[in-house]
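Right, one structure below, let's go through it.
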Amino acid sequence: MKNSEIWVAFYTILVREIRRFTRIWPQTLLPPAITMTLYFAIFGNLIGDRIGEMGGFSYMQYIVPGLIMMSVITNSYSNVSSSFFSAKFQHSVQELLVSPTPNWVILMGYTLGGVARGLCVGLIVTVLSLFFTHLALESLFLTILVMCLTAIMFSLGGFVNAIYARSFDDVSIVPTFILTPLTYLGGVFYSIDLLPDFWQSVSLLNPVLYMVNAFRYGILGVSDINVYWALVIVCVFIVVLFGFGLRLLNQGKGIRS
Amino acid sequence: MTYAIEISDLKKRYDSGFEALKGIDLKVEKGDFFALLGPNGAGKSTTIGILCSLVNKTAGHVSIFGTDIDKDFAKAKKYLGVVPQEFNFNVFETVFNVVVTQAGFYGISLSVAEERAEKYLKQLDLWDKRNDQSRMLSGGMKRRLMIARALIHEPEVLILDEPTAGVDIELRRSMWEFIKKLNEQGTTIILTTHYLEEAEQLCRNIAIISAGEIVENTSVKALLKTLNQETFILDLDTSLPNNWALPGFSVSISKDASTIEVEVIKGQSINAIFKALDEISVNVVSMRNKSNRLEELFVKLIKG
């Protein structure tokens, strides 16, 4: 395919993905808005006032970056995993497989579709959080960079999940049993400084911790870990997941007989 | 000579160990209307799956318009349009979007895609449904949508895998008229079907596949010539007298003696039947083949 044709194919996949999640907005955009509003109201306002300050900020201000990041992670992941698995399930993925679209374009199209939803939900949650607290912005560039890289990483994760999934249960297992615990234990609600030394070390194995803290640094200017180290880790994950996803596509794992 | 499709020693063994193709060779000429026939599980869909990259081959070579799929599958895929057996579009997309999106996967710009979508949806009587979700279409409309989608990049070869399964007679006829016109305009058509009379009426060349092997590959005309016996059913205007016989023919007479089945062996003249009936002043009201001629051959070849 010529470069211009590749661009059209990529754009087509991306637009289709965006059209999908905006068409079913009550399932994709509304639930995180409601859930996060409840988090802000209950953990931030009601309980947060009793907790006091954390990292030099009110508890509400402290958890907002984590909750935004949590929304980005779950939505970018689930967008790709559910969309690609649905395409497999109803065989519409064959539309792409019979076409000359290269596999790396398919992977990028789905990934960017997930990123689009992750960023869209992230923006909605950010706007909602402003009704509850004031947010300083330490570094706009870092904030956007971390948000995008995180969305890319989890979109790729969702793609790999969808490739391996054989049923809708398989699509929900990873978010329920792996992603949610990692996110809750990734410093969304607390600073790891509060943990005993052993659990602090264990927490450092959690990749979500790096993303949440890097994002928090972009907004509040505080972090439990080195931000540049966090960026390196996310980039490594992206490269590995992209390579792995592409390999699976080239092999036709789960999509070709 | 460059063939539309050239397959040599194509083998496919699934992970389960099932050998779906045992080294088939097949050539389809440009502009042909070609039938690939065989019973369920014979290897037709596997062959088509390999052609359009839904199935990974185990061994062998496949060229599409001279392009080896192992060397440049992307180029080879551009020559092909596929209408699969099962509905495989996103049922929540509108009819128009299903077609336009497919064009995008082939790198066709939106303006050209919209123009072509209008052309093919109108030709296939789906234009009025363009804004409906595709899940709302009837079975026949869904089939036509898949044809429109397969044509959006204007392929040189159109593969139709059981396209008329479950489609009513009127729609089937109009679908075949459309496909025949495409063929007349130069598109190579490869068809799999269980309706053998369709293959007999439409196709010039034919391959019969059984248990992963090609058991016959010739022109429909040549194949029909090998048929050495046909059974005709004759409806008569009056009942035959008792003990009526037709020397040299095997005849079975219905209970009311007004319909007869006559087996005619190659070389025998049908005139003899009419002559014998004329002698007893019985007229033939209508006459038809007992079964489709190709069907008889097909059964014979498959049973082998």
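Placement of Cβ uses the backbone N, Cα and C atoms for every residue, glycine included.
Curation plays no part in TrEMBL annotations; they are all automatic predictions.
Database features (TrEMBL):
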type	residues	note
DOMAIN	A:23-252	domain 'ABC transmembrane type-2'
TRANSMEM	A:29-47	transmembrane segment
TRANSMEM	A:59-78	transmembrane segment
TRANSMEM	A:104-133	transmembrane segment
TRANSMEM	A:140-165	transmembrane segment
TRANSMEM	A:171-192	transmembrane segment
TRANSMEM	A:204-222	transmembrane segment
TRANSMEM	A:228-249	transmembrane segment
Considering only the recorded stretches A:29-47, A:59-78, A:204-222, A:228-249, state which has the highest number of Cβ pairs under 8 Å to the transmembrane segment (A:140-165). A:228-249
Quick check: do the transmembrane segment (A:204-222) and the transmembrane segment (A:59-78) share at least 3 Cβ pairs under 8 Å, counting only pairs 6+ apart in sequence? yes
Determine which residues of the chain contact the transmembrane segment (A:59-78) at the Cβ level, with the cut-off under 8 Å and only residues 6 or more beyond its ends counted. 28, 32, 36, 39-40, 43-45, 47-49, 51-53, 114-115, 117-122, 124-126, 129, 132-135, 146-147, 150-152, 154-155, 157-158, 161, 171, 174-175, 179-180, 183, 186-189, 191, 208, 211-212, 215-216, 218-220
